[in-house]
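Below is one structure, written out as structure tokens; comments come after it.
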Amino acid sequence: MAVGVQQAIVVGAGVSGLTSALCLAEAGWSVRVWTAAMPQQTTSAVAGAVWGPSAIEPVAKTLAWTERSLHEFRNLAKDPDTGVRLAPALSVAESPADGGMPPGVELIPDLRPADAADLPEGFRVGFRATMPMIDMPQYLDYLTKRLAAAGSEIELHPVRSLAEAADAAPMVINCTGLGARELAGDDTMRPRFGQHVVLTNPGLEQLFIELANPSEWTCYFPHPQRVVCGGISIPDRWDTTPDPEVTDRILQDCRRIEPRLTEAAVIETITGLRPDRPSVRVAAEQLGRARCIHNYGHGGDGVTLSWGCAREVARIANGDQ
Ligand SMILES: Cc1cc2nc3c(=O)[nH]c(=O)nc-3n(C[C@H](O)[C@H](O)[C@H](O)COP(=O)(O)OP(=O)(O)OC[C@H]3O[C@@H](n4cnc5c(N)ncnc54)[C@H](O)[C@@H]3O)c2cc1C
């Protein structure tokens with residue numbers, strides 16, 4: 001590492017780690033990324049993924065981070081090589097939500113009611129919008145390349161403690177997702193199991209999300225080469241073995257909504273554990289002589305929050321107000 005340049009180690013190479021590393025490296029820091037799993041083997045690679053606001057704690061901050069990420073994803077969508085695209089979206093519900101619209105909906109670009117005639121059978125409410133949709137394997141490759149161009153490499157280097165990283169650099173960024181349960185001694189971290197069935201794309205452009213049911217719903221995200229179909233969420237399940245019954249249910253529901261998926265071939269079934277926490281943790285603490293900035297606990301919203309949280313990490317690291 002060059003003398004005089006501020007040095008940091010980012011632990012974790014999912015979307016939080018790569019984006020945090022990038023924000024620091026592009027701000028002139030000398031950054032190394034240490035990880036137990038390379039980007040394509042992380043939970044981040046499993047995500048659908050769509051940008052979208054949700055009211056997770058701390059709500060005022062997460063909405064500001066969501067807005068920040070929207071700005072970044074809109075710019076990234078100008079270059080198809082990033083894997084980010086601004087996609088037409090249809091979200092539907094069986095009935096109007098109790099208590100009106102959730103916080104943050106005003107951030108969603110082009111949000112408007114859908115014509116009742118366009119809704120699939122069984123749904124009485126629908127919205128159209130334009131939403132950033134992120135093809136995660138391609139996007140993680142893009143971030144990796146951009147990080148390399150900024151002078152940072154990703155090293156396969158699992159750590160037993162954050163102190164191990166603190167021995168090697170005066171600034172440690174903890175982006176270990178569920179790994180923070182052990183590394184930060186944070187037993188509020190819990191897994192939330194998810195499963196996707198990935199199909200070939202028969203020519204779909206519009207993403208589809210069923211709102212309302214927090215444990216099982218229907219969604220599909222059509223990327224150029226594949227359609228990612230879901231969804232399911234099982235709290236406290238650590239086992240990542242795909243469930244064949246869930247696969248069948250996802251296929252049946254998605255094909256009912258979009259009959260063109262009946263002709264699409266199944267490529268693979270993928271699973272991941274959302275790194276849940278009662279509130280997202282982006283905060284600094286002293287770690288011996290080093291400083292540690294935590295950036296974990298994003299649950300089902302880590303892609304949405306990634307740029308906002310990473311910019312916050314860089315702001316704290318740079319001591320900016
Ligand atoms: C099915 C599914 C669908 C989802 N859909 C969406 C979506 O549409 N939109 C959205 O915003 N989010 C979505 N999410 C959530 C999103 O995927 C996560 O919030 C996000 O990936 C978390 O990223 P992360 O980088 O914090 O953690 P991870 O991707 O889990 O990365 C953690 C990193 O830390 C490393 N690590 C852990 N322990 C150690 C250690 N001891 N030493 C070194 N390295 C370590 C790991 O190897 C890994 O590299 C979805 C998740 C799932 C499972």
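Using the three backbone atoms N, Cα and C, a Cβ is placed for every residue, glycine included.
According to TrEMBL, the domain 'FAD dependent oxidoreductase' annotation covers 8-315.
Annotated FAD binding site per TrEMBL: T43, S44, V159, T176, G299, G300, D301, G302, V303, T304, in sequence order. DSSP gives G300 (D-dopa binding site) a helix state.
Residues or ranges marked as D-dopa binding site in TrEMBL: R274, G300. For R274 (D-dopa binding site), other Cβ atoms within 10 Å of its Cβ number 22.
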Spatial separation of T43 (FAD binding site) from G300 (D-dopa binding site) - C-alpha basis, Å: 10
Neighbourhood of G299 (FAD binding site), C-beta criterion under 8 angstroms, separation at least six: I56, R192, R274, P275, D276, R277, V280
Structural state of T43 (FAD binding site), classified by DSSP into three states: helix
R274 (D-dopa binding site) - helix vs strand vs coil (DSSP): strand
Residues satisfying Cβ distance under 8 Å from D301 (FAD binding site), sequence separation of at least 6: S54, I56, T62, T66, V280
